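Pulled from TrEMBL:
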{"type": "ACT_SITE", "residues": "Glu285", "note": "active site"}
{"type": "ACT_SITE", "residues": "Asp366", "note": "active site, proton donor"}
{"type": "BINDING", "residues": "His284, His288, Glu362", "note": "Zn(2+) binding site"}
{"type": "TRANSMEM", "residues": "6-25", "note": "transmembrane segment"}
{"type": "TRANSMEM", "residues": "68-87", "note": "transmembrane segment"}
{"type": "TRANSMEM", "residues": "155-175", "note": "transmembrane segment"}
{"type": "TRANSMEM", "residues": "181-203", "note": "transmembrane segment"}
Amino acid sequence: MVFPYMETVVGFMIVMYFFETYLDLRQHAAHKLPRLPKTLEGVISQEKFVKARAYSLDKSHFHFLHEFVTVVMDSAILLFRILPWFWKKSGNFLVLVGLDAENEILHTLTFLGGVMLWSQITDLPFSLYSTFVIETRHGFNKQTVWLYFRDMIKGMFLAVILGPPIVSAIIIIVQKGGPYLAIYLWGFMLVLSLVMMTIYPILIAPLFNKFTPLPEGELKEKIENLSSSQKFPLKKLYVVDGSTRSSHSNAYMYGFFKNKRIVLYDTLIQQCKNNEEIVAVIAHELGHWKLNHTMYSFITLQLLTLLQFGGYTLVRNSTDLFRSFGFDMQPVIIGLIIFQHTVIPIQHLINFGFNLVSRSFEFQADAFGKKLGYSSALRAGLVRLQEENLSTMNPDPWYSAYHYSHPPLVERLAALDEPDKKVD
């Protein structure tokens, strides 16, 4: 008798859906609170609080519907054995067009092409509603329908260009990996991630946004002086036209070794009242670099990836596992999909752990900015970003502990204020 792996996976998916829906309900109730937390009274304007409350409630209602449809569709796909049916249909299509259905690479690419098309079709109504109804209603969406679909077509084109060689390489590695399969897969994914981290900002990101050098002036001078004081190897300082798509704001840095770049969203420059607030945000980001947070996260991710591939090698030849999901054969890509489903419980725990570490890193980066003398400016910048992005003002503690990779504003402000109180 075959162990009911598939039914167990579906059961856990449903259990997690109810658990996360409970957390969503707690957060929804928090969104409805008519007042700011006491620590934010006088810090956040009442006007911004009312707008943020309305925005959060709109997103919350939409989230309930989206998550329900998602769990129903995902469960139905497994329970009604849509995956093995679609795998078979993919082979039939290859035969119809005169290609070899026994060629696993061709079969897999056809299968994944159909899956990608199906995902685009089923997700499109939700994405359109989120962008052109919710985001537009609250003043965030700036993109046209044409720009939206142009981005989507570009994304699909990139998937068609980059996907086949990557998928083909994975299949070949699994077929010929032998006892060192996990190491070979991990090594390939490591090289691939490094290559993508290198080419994405240079070749891919410019396909969607325009990157221009930050103009000469006080802001550029302050950022360069700050970088120089911390021996940060800043090579380029860009402004990205995020305002063409959204009025949400952000800043980030990227690059290897002595070739670092900082990117500011034009919306960040527009929203902050003075350059000091922007520089304080950059000081926070420099804190992540100075404290090696990115390196620690990268190493941890690589270790987890290696462990995952090790687990995959243990189950990839399990005939019972494939049969439980409706397959009488053992294609490489299907094995990876099934394995990802079976490790969902562990993945939830790992994500929770990552969030705990990430929140700790955020506090450390804030403290780093404070040590550099940017406490007041960082405080003002965090408040400004909270207001302008209409972020959640009343986070439920259980919800934020489970979902948030960044601490709520209340906690960050308290941490920034705490050393001053001790001194006083």
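Just so you know, glycine gets a Cβ as well, placed from its N, Cα and C.
What TrEMBL says about a protein is an automatic prediction, not a curated fact.
Shown here: features listed in TrEMBL, placed on the structure.
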{"residue": "His284", "record": "Zn(2+) binding site", "Cβ contacts under 8 Å, 6 or more apart": "Ala365, Asp366, Phe368, Gly369, Leu378"}
{"residue": "Glu285", "record": "active site", "Cβ contacts under 8 Å, 6 or more apart": "Ala251, Tyr252, Met253, Ile262, Ala365"}
{"residue": "His288", "record": "Zn(2+) binding site", "Cβ contacts under 8 Å, 6 or more apart": "Thr294, Phe361, Ala365"}
{"residue": "Glu362", "record": "Zn(2+) binding site", "Cβ contacts under 8 Å, 6 or more apart": "Ser405, His406, Pro407, Arg412"}
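Excluding the listed site residues His284, His288, Glu362, the same chain places Glu285, Gly287, His293, Phe361, Gln364, Ala365, Asp366, Phe368, Gly369 with Cβ atoms within 8 Å of the centre of the Zn(2+) site Cβ atoms.
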